[in-house]
Each structure stands twice: as structure tokens, then as C-alpha cells.
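Annotated features, as they stand in TrEMBL:
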{"type": "TRANSMEM", "residues": "41-59", "note": "transmembrane segment"}
{"type": "TRANSMEM", "residues": "80-104", "note": "transmembrane segment"}
{"type": "TRANSMEM", "residues": "116-133", "note": "transmembrane segment"}
{"type": "TRANSMEM", "residues": "145-163", "note": "transmembrane segment"}
{"type": "TRANSMEM", "residues": "183-204", "note": "transmembrane segment"}
{"type": "TRANSMEM", "residues": "216-233", "note": "transmembrane segment"}
{"type": "TRANSMEM", "residues": "268-293", "note": "transmembrane segment"}
{"type": "TRANSMEM", "residues": "305-322", "note": "transmembrane segment"}
{"type": "TRANSMEM", "residues": "334-356", "note": "transmembrane segment"}
Amino acid sequence: MKVKNSTISNLQLMFIIIGLFQGSALTVSFAAETAKQDMWIIVIISAVLMVPLFLEYTYMEVKFYGNTIIEINDIIYGKYIGKIVSLLYINFFGFITFANFGYMADFFKTYMFDKTNIMIFICGIAFVAIYAIKKGIEVIARITPIIVILTLVEVPLLIVFTIKDTSIRNFLPIFQINFHDLVKSINLMIAIPFGELISCMTIFPYVKNADKIKKYSFIGYTIGVIFLVAVVVRNTAVLGNIGQIQKFQSYQVAKDLEIGEVMTRNEILVALILFFDVFVKICVTYHATVLSIAQVFKLKSYKGIVVPVGIVSIIQAFFMISSTKDFGYYTLNIYPVFSLLFIVVIPIISLIILYFRRLSV
């Protein structure tokens, strides 16, 4: 299927990119175990390293404007190899989707409703996502700015209210991380928050003005990085060494906060905002999954497969969460390396082929 009859503005694209960063704020803690108090430095290094790759994603879209990553694969690699590459990307987008189903469900069960069966949360999150995807990318693009702005207001407020609980000592000693842990932490950061931006290559074709895609994408990227650094600095300043063992650092910061005797239980509000942040990320990768499947198999519309893909994702998320130890090992040790194929290797190969073959639409 060709992308048509749906358009989003460059500004909405910018908010979607910021939303992807906000949706990854919870998962930054994956790298905290190895990066420790240097986590903020790791975020900055990863952001700088990712800039050329992100610019390549936008360059590809501008050059092949109106085509998704799936269609671009066919143009660059040919009909058959292109399909194989696209099937790999479907697997990649699908994994991110069901992993976030499970991760968010685990968050609610662990911290808020520990006696409730986790399947309830997985299904609940999936059903809301299914409804949003069926409504289309335009609806997602309209609600994302509201969620992003709420988060951009909440984070600075939480920083102000937690100043009394911060300590500069929590950042010391600076840059004492060894080379192995440095590489591992950067790999994790590129794989999870930054690398997932490649899913935007299924959204770029919806944007009205191709000439401004690069500009607004980079603005969104910059704001997203600043947001991520601010969250990491706040969490480190407040939690210190305790943060290294906290699975959901941002929630823990809010949980420990009390504003006088009036505003307590602030973590409930923060939990809702965190949910909406992750929800935006789920919608983007879920949309990328179903649209990619529809294009690979030449379907007229992706809407007919939204529910089946959702059911498969629910089942996968349940089995993933049922084996927490295995999932943790996979997330920290296997997925970061595996994801480089989609984030770094294939895009670079595509660019090299593009250079030598002088391809165009």
C-alpha cells in the first residue's frame, strides 16, 4: 500500500520525535547499572554519535520523499533482497512494540497494582493502542503535542521541587567508568532511546512539506536530547547510588517527593504522564509494524491487520514478562548488539549503495 490520504505537519512531526525521547525516559535506567553517576555523560556522547545516522534517515526520506523505509529498501536493494531486509525491520519494530507493552505493564504491576494479574495491564495497553492505530496516524499526531507539552511542564516542575533533595556528590567521581562499561552503556543508549528513531521513516511520508523535514526533525531531536539529559541529571542528583538499582528511576524520584503536607502521592500523576509518554512511543512503533507488513505483502490497508498484530504482541509481551531474568539479560546484552544491524549497519550499507548507483525516485 502507498501512504496517502493522511497528512501531518512538520510541527507535529517534531512533537512525535520529542515524544519518542520522552517515551524512552523510563528505559534509560537500563544503562545506569554500568554507567552509574556518569549516565548523563553517556547520554550526551550517544546523542552526538547518533546525529550523523539521524541525519541520514532524514536525507533518505527527502531523497525518496513519499516512500517509507520499506519502499526505500525495495528501491535500493531490489525486489527480493529488499523484501528480506524489510521483513527484518518488521521483526525489529514488532519487538519494540511488544517489549513496551510488557515493560509498561510491569511498571504498573510492580509499583501500583501488585495484586493484579499482569495480563490485565498488557491487554489494557494493547487495546488502547489498537484503537489509536485504527484511527490513523493523524489522530496520533494530534494528541502527541498535548502529551509532550504536559511532560515538558512536569519535568522542570519536578526538578524545582526536588532541588532540596539533590547533592552534587552524587555525580562524583566524574568519568571513572572503564572502557568496556563505556562502550556497553553507549551501545545501550543508541539501541533503545536513539535507535528507535528509525521508526520515524514510516511517518516521514505523511509530512506535508518535504523541504522542512530535516529542520523540524533536528529541532525535535535536539529538544528530545535536552529533555533526556535533564531527566538523567535530576534522577542522578536525587537518587545517587540508589538509582543504579532502581528499575524506574523517574517514578522513584516522584514517589519520594512530598510538597509540604498538601501535595503527597505525586507519583500517581507522574505515573500517568509516564504512561502517556510510553503510549506515544508504542503507537509510533506499532504503526511502523502494521504499515510495514501491509507494504511488504501488498495489502490495500494496514487497518485489517491491526488487531491480529496486537493479539500476537500481547502473547509475546506476556511470555517476555513471565521470564523477567531472561528478558533482562536479552535487553542488556543481546538486543543492543542485534539492534545495531537496523540502526547502523543497514542504513550505512544503503547509503553506500545509493552513492555508487546514483539512485533516485
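The backbone N, Cα and C atoms fix where each Cβ goes, and this holds for glycine too.
Just so it is clear, the model here is predicted, and its values are computed rather than measured.
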- [ ] Please work out which recorded stretch in 41-59, 145-163, 216-233, 305-322 has the most C-beta pairs separated by under 8 angstroms from the transmembrane segment (268-293)?
- [x] 145-163
Task: Among the ranges 80-104, 145-163, 183-204, 305-322, 334-356, the one whose Cβ pairs under 8 Å to the transmembrane segment (216-233) are most numerous - done: 145-163
- [ ] Kindly say whether the transmembrane segment (183-204) and the transmembrane segment (41-59) touch, using the definition of 3 or more Cβ pairs under 8 Å where each pair is 6 or more positions apart.
- [x] yes
- [ ] Sort out the residues at least 6 away from either end of the transmembrane segment (41-59), same chain, that have Cβ-Cβ distances under 8 Å to it, and list them.
- [x] 28, 31, 35, 174-175, 177, 182, 185-186, 189-190, 193-195, 197-198, 200-201, 204, 213-214, 217-218, 221, 225, 228-229, 232, 343-344, 347-348, 351
